[in-house]
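Quick look at what TrEMBL lists:
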BINDING   Gly15, Leu16, Asp17, Asn18, Ala19, Gly20, Lys21, Ser22, Gly68, Asn125, Lys126, Met127, Asp128  GTP binding site
BINDING   Ser22, Thr44  Mg(2+) binding site
Amino acid sequence: MGNSTITNAQILFLGLDNAGKSTIIQVCKNDFTPSADDNEIKPTVGHSVTHFKGKEKSFQLAAWDLSGKDQFRSLWKSYYKHANAICFVVDSSEDEERMEEAREILHAVLQDVELREAILLICANKMDNSSAKSAQNMTDILGLTSTTTGLSKRAWKLQPTCAKTGDGLREGFEWLSAQLKTKLKAKK
C-alpha cells in the first residue's frame, strides 16, 4: 500500500531583474516544456507563488518568485524563514557590472543566518545567448569557490540553463528535488 502523504517544499527564486526567474518557473510548471507564450511573461512586481508537483506526485513545490528589481530586494528577507531551497537565477550573458551585482547579492543571501540550511541551485540562464559565459566562468565570476560563501556546508549546484528552450532545467530541478526529499525525510 502506497504512502499518500504529500511532502511540501518552499523554493525562493532570487536573482537580478530580467534573469529569467518567472520563465523558469513557468517551464518547470509545464513539465519542463516551454510554451509559445513564454515571451509574454511579465516581470514580477513584489512576489508571486506557483505550485507544481515534483517528479514524484507526492512531492509538491511552492515556487516563490521574488522580484529582482532593486526596490524590492529589501523585502526578500521576509521570505527566508520558511525556505527549504534557493534557486538563484543569473543571466549568464550579462556584462561585468551586472555580474558583479549578482555576485554581491548572492553572497549576501548566502550569509543570511535564516538561509544557512537552504539547498542552493544556481541557474546560469540564457546559455543560448552568444555572449553567455561557460559554467566554469560563471563559477569563477560568482565566487563560488570562495571560502566566504559557506558553500562547503550546504548542498549546491550550478546548472547551465536556457529557459526559452528548457535546456538544463529538468536536470537542475531533478537534482534539487532529490536533495529536498533527502533533507525533508531526515527532518521527520
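Cβ coordinates are placed from backbone N, Cα and C, and glycine is handled just like the others.
All TrEMBL annotations are machine predictions without curation.
The structure, with features from TrEMBL marked on it.
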| residue | record | Cβ within 10 Å |
| --- | --- | --- |
| Gly15 | GTP binding site | 24 |
| Asp17 | GTP binding site | 16 |
| Ala19 | GTP binding site | 25 |
| Lys21 | GTP binding site | 31 |
| Ser22 | Mg(2+) binding site | 23 |
| Gly68 | GTP binding site | 25 |
| Lys126 | GTP binding site | 23 |
| Asp128 | GTP binding site | 14 |
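Gly68 (GTP binding site) sits 11 Å from Ser22 (Mg(2+) binding site), counting Cα to Cα. Gly68 (GTP binding site) falls within neither a helix nor a strand when secondary structure is assigned with DSSP, and so counts as coil.
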